[in-house]
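In what follows, a structure is listed as structure tokens, so that the remarks can point back to it.
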Amino acid sequence: MKFGKSVCIINVGGTKYAFPKDVIKDFPLRRVSRLHSCASEREVLEVCDDYDRERNEFFFDRHSEAFGFIMLYVKYGKLRFVPHMCELSFYNEMIYWGLESSHLEFCCQRRLDDRMSDTYTHFIEEHHGTDDEFRTDASSNGKRDSKWLERMRRTFEEPTSSLAAQILASVSVIFVIVSMVMLCASTLPDWKTAESNIVEEHRYTDSLEHPSGIIEAVCIGWFTAECIVRFIVSRDKCEFVRRPLNIIDLLAITPYYISVTMTVVTGENSQLQRAGVTLRVLRMMRIFWVIKLARHFLGLQTLGLTLKRCYREMVMLLVFICVAMAIFGALAQLLEHGLDLESGNEEYASIPAACWWVIISMTTVGYGDMYPITVPGRVLGGLCVVSGIVLLALPITFIYHSFVQCYHELKYRSARCTRSLSAEFLN
């Protein structure tokens, strides 16, 4: 902040809070911390409702009691609902100040999820400074990009933003499906035999002369063009490169161009090059194109966001399974083989082999490829199965509520984008 005094006063609904300027810079609430980067009074008024230069006081016309509970979270690290206040209203205040539902205590998260599930009510999330934010202020968009560039960006990034975006998304999905079908078909024995015969007949010709090569080239061409256009119209090029989906796109496209480059440099037929282990591994990475469908389907986006927010619970679940696998694996090896080395069950000759039986017994009904034959081993197997049911069920409730919330948030964000574009065309 390049103006005002060294002490900043935050006035929220009549309740004042005084902070040093240095504290504002790293304040846990995103809206408050944005004040530090404001270089003019005009930028300040984009963050708060009013500003008094003489007293260096920032006014926010928000719920003062809700902000008091939010300040308790800043101080103590625990966020709970205000008594006798609607959960959805408090959630709206959280979003305004830059918090998410994941900051709430677990009991409050469940209350919020149940309320949102019952009412199907969602709020506008103000993620300033992120790529997935759509600013409806025409003047803000005009400062950075021209109108056609913004429309192009929405067309490629938001499949529900317009009819052209829906058509583009449908074509992209078709290419992904065709590419996956060709990849799966290329592993069939009859396909490999036919491909080998073609290689023998056209040893010195390029694979693009064959139907499979032509289809592969067309799919790669489409994905390459789509990736280049999305990179050109992106707001932040560095952030674009760091996105996981874009990294997957690059990893899926690169093997094809490596194969073509080697064909040009060495003159060797690209079909023969694919016999190499390295290129076969790289070519199989095209299976990651399935993840591209997450751009166009809300369900996959919800799954990804849920895994991102519940990574602690997923790690906890993995630890539970690993601990149980180690314990039951060692006991199964001892009871089935270790006590009688001569006539013991050879399928349990080692702890790693027993761990395989434990993991399939805890997570499924078992394959039947190995099973205990002694009475103590069968009793242990029953305990293993019951333990697996209990351990897998423990974090499911939290993951379920997080999934419901993520689905509602993404659904509302998609609907908001559609309404914003409709209003833009009507104006």
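Glycine is treated like the rest: Cβ placed from N, Cα and C.
What TrEMBL says about this one:
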- 9-107: domain 'Potassium channel tetramerisation-type BTB' (DOMAIN)
- 166-409: domain 'Ion transport' (DOMAIN)
- 163-188: transmembrane segment (TRANSMEM)
- 213-233: transmembrane segment (TRANSMEM)
- 245-267: transmembrane segment (TRANSMEM)
- 287-307: transmembrane segment (TRANSMEM)
- 314-335: transmembrane segment (TRANSMEM)
- 347-367: transmembrane segment (TRANSMEM)
- 379-403: transmembrane segment (TRANSMEM)
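Secondary structure counts, DSSP: the domain 'Potassium channel tetramerisation-type BTB' (9-107) has 49 helix, 19 strand, 31 coil. By number of Cβ pairs under 8 Å, the transmembrane segment (287-307) is matched best by 163-188 from the list 163-188, 213-233, 347-367. On the 0 to 100 pLDDT scale, the domain 'Ion transport' (166-409) averages 78 in the predicted structure.
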